[in-house]
Structure formats: structure tokens, C-alpha cells
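Colleague: Have a look at the structure that comes next, please.
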């Protein structure tokens with residue numbers, strides 16, 4: 001009863017809010033820093049400035065070395081690795097999010113590539129799922145015909161993903177998993193993917209520059225980067241942390257660090273500096289009463305972003 005009443009109040013507040021401002025929290029909000037599932041090895045970047053035809057610059061990767069993974073947080077997610085496919089458990093909201101994020105990825109890729117094969121609309125496309133966890137997003141993308149590689153630094157989560165996909169014969173050749181960081185993969189594969197997906201990942205990263213740089217390295221020219229994450233606003237703190245973690249227990253307490261949230265504007269500027277342009281940004285909202293997600297005009301709490309790697313990058317590289 002309390003949860004339902006509180007949920008109605010939450011939705012009422014969201015309906016009344018105009019969501020027109022993005023106010024920073026007072027400095028007294030000092031949240032414990034996490035280096036968990038989505039933390040990645042830091043890329044050491046050679047900051048060679050490459051001038052694009054439109055005047056933008058991007059940073060190119062040279063190598064990778066230092067690690068920012070927190071072993072304590074890795075162990076925390078290892079303890080949860082067997083729970084990824086519990087539809088009523090800690091990851092229930094991520095299962096529900098597939099109703100939005102899978103069509104979002106599919107439709108934007110179809111618009112980019114114009115592929116319309118019946119039943120397997122993404123056939124012929126290679127997709128990298130960064131921070132794949134138990135494969136909640138990798139599997140539906142593979143069922144749409146994409147050749148999917150899911151990577152995650154938590155080996156137990158990767159084993160869970162492999163086990164679950166093994167039960168479906170249609171997935172055995174369509175999806176693969178690898179326990180590694182994005183940086184380690186970037187050293188092995190350059191410009192090999194049509195799309196990179198990082199859903200509910202960037203808010204856990206230690207270095208967003210390293211993330212953007214490595215995504216740029218593994219994507220083909222004209223390739224797509226899909227991100228879902230939380231905005232950095234007062235509302236995202238209230239609903240994403242206080243409400244979701246502490247009151248309604250939608251996700252485990254300590255899952256998020258507000259200091260690592262990023263606004264759509266800041267994320268767009270960051271991606272543009274690495275040779276991307278942002279095609280689409282859409283607001284998202286989770287209803288704790290129905291357990292469903294919906295698209296919203298406001299981006300003040302959650303949002304989805306589609307960015308594209310500029311094709312000019314390949315032309316500039318050939319001229320160097």
C-alpha cells in the first residue's frame with residue numbers, strides 16, 4: 001500500500017514539473033564513488049588534434065594500460081551475476097526497458113542502413129554491446145538478425161549470459177560474449193562494428209573520455225553509438241537514487257553515484273569532440289506502479305541518445 005501511494009505521488013510530481021532546468025546538487029551531496037560493473041580500463045590517449053572538414057576535432061587512441069576497476073565493486077556484481085534473468089529481481093527495470101531501447105536501436109539502424117529483411121531486419125550488421133551483463137539486450141538484438149558481441153569485465157556475468165543464450169539454438173551463432181574491457185577489445189578490433197550499444201553503463205564509468213575514444217576506434221565510419229543513461233539533475237538524484245534505491249528498492253542501494261551522471265548537453269559536447277554527431281536524444285520515464293517505461297519529452301531523469309561516427313574521419317586518416 002505504501003509503495004502504491006508513494007508511486008502515485010512520484011508520478012504526480014513528475015506530471016507537475018516542467019523539467020526545464022538542470023540544477024546541480026549542493027556540494028554537500030558527497031556520494032560514495034563506485035567502480036563497479038561499468039568501470040573500465042583507462043585509455044592513454046595520444047591527443048593528436050585531427051581537424052575535420054567542419055572544424056571539429058577529435059582525439060585518437062594510441063594504447064591502453066592503467067586500470068580503474070575497483071575489485072570490491074566487481075565482487076559485488078559477481079555476487080549478483082546469477083540474478084540477471086530474474087524478471088522480478090534487481091534487474092527487472094532493465095528487462096522492462098527493452099520495450100523502448102530495442103525498437104530505438106532497431107529503427108535508427110534501419111534508417112541509417114535501409115535494411116528491410118523480413119524477420120531479421122538487422123541481418124548483416126555487427127553490434128557491440130558494452131557492459132552486457134547477463135545479455136539482457138544482446139539476445140533481442142541477435143534475434144533481430146544482428147551479429148552481436150557482448151563484453152563485460154565481470155566474468156561471472158559473462159558466464160551467465162553464455163549459459164542463458166545456449167538454451168536457444170537460434171542464438172548460438174548470432175551472439176558471442178567475452179569477459180574483457182572496452183579498451184582491451186579496442187586494441188584487437190578497429191572499425192569492426194556497425195553499432196556500439198552502452199545501455200545504463202556510462203553512469204558507472206571512471207573515464208568518459210576513454211569510453212568515447214574507444215567507441216570511436218571500434219566503429220566503422222558512419223557507425224552508430226547508442227546510449228541510455230541518467231541526467232545530472234536534482235530530479236535524477238531524487239528519483240534515480242533516493243526513490244529507486246532507498247525507498248522503493250527498484251535497484252540495489254549503492255548502484256548509482258550522482259557525481260557520475262551526465263547531462264545530454266555535456267554528453268553531446270563530449271561525443272562531438274571525439275568525432276561523433278548526435279542524431280537523436282529522447283527522454284525516458286519509468287513508472288514504478290506498472291513497471292513500464294515510456295518516452296517523454298523531458299530528459300530530466302533518464303534519456304536515450306543516438307550518435308553517429310563522422311565519415312570524414314576515415315577521409316582525414318587516409319590523408320595523414
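Each Cβ is built from the backbone N, Cα and C atoms, and glycine gets one as well.
Because TrEMBL annotations are produced automatically, they should be read as predictions rather than curated entries.
The S-adenosyl-L-methionine binding site feature in TrEMBL is assigned to 101, 131, 152, 199. What TrEMBL lists as Mg(2+) binding site is 200, 203, 204.
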Colleague: Taking only the Cα atoms, work out how far residue 200 (Mg(2+) binding site) lies from residue 101 (S-adenosyl-L-methionine binding site), in Å, as a whole number.
Modeller: 11
Colleague: Find the shortest Cα-Cα separation between residue 204 (Mg(2+) binding site) and the binding-site residues 101, 131, 152, and name the residue that gives it.
Modeller: 131
Colleague: Measure the Cβ-based neighbour count of residue 131 (S-adenosyl-L-methionine binding site), defined as the other Cβ atoms within 10 Å of its Cβ.
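Modeller: Within a 10 Å radius of the Cβ of residue 131 (S-adenosyl-L-methionine binding site) lie 26 other Cβ atoms.
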